[in-house]
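*Asks:* I'd like to ask some things about the structure below.
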Amino acid sequence: MMNVSLKLSFLVFILVIMSNLGSEARELAGVNEIFEIAARSSNNAGTARALQQAPPCKRDVDCSFECPKGGFCNDRLGTCDCF
């Protein structure tokens, strides 16, 4: 039984180390910065939709949550165009 608990604690330790290394690699490569800029951009609804995978709009009311200042639904593309 002691052997199992030792393996489990070692596995948790390895997982924590690996997740920290992945986070540092993303910071060094600048990937986090690209995602933050795209998520903050309210003028580019297409990029934010690609990152968050929001369902396509069908009516102007569907864009009320994506566009705090208002917007309209582009029926052809299924995206919200914000004002």
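Just so you know, glycine gets a Cβ as well, placed from its N, Cα and C.
Here's the feature list from Swiss-Prot:
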{"type": "DISULFID", "residues": "Cys57-Cys73", "note": "disulfide bond"}
{"type": "DISULFID", "residues": "Cys63-Cys80", "note": "disulfide bond"}
{"type": "DISULFID", "residues": "Cys67-Cys82", "note": "disulfide bond"}
{"type": "SIGNAL", "residues": "1-25", "note": "signal peptide"}
*Asks:* For Cys80 (disulfide bond), list the number of other Cβ atoms lying within 10 Å of its Cβ atom.
*Replies:* 23
*Asks:* DSSP three-state call for Cys73 (disulfide bond): helix, strand or coil?
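*Replies:* It is in a strand.
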*Asks:* For Cys82 (disulfide bond) and Cys63 (disulfide bond), determine the Cα separation and express it in whole Å.
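*Replies:* Between the alpha carbons of Cys82 (disulfide bond) and Cys63 (disulfide bond) there are 8 Å.
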*Asks:* How long is the line from the C-alpha of Cys63 (disulfide bond) to the C-alpha of Cys57 (disulfide bond), rounded to the nearest angstrom?
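*Replies:* Here the two Cα atoms are 7 Å apart.
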*Asks:* Here's one to test understanding: among the disulfide-bonded residues Cys57, Cys73, Cys80, whose C-alpha is closest in space to the C-alpha of Cys67 (disulfide bond)?
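*Replies:* Spatially nearest to Cys67 (disulfide bond) by Cα position is Cys80.
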*Asks:* Looking at the disulfide-bonded residues Cys57, Cys67, Cys73, Cys82, which sits with the largest number of other Cβ atoms within 10 Å of its Cβ?
*Replies:* Cys57
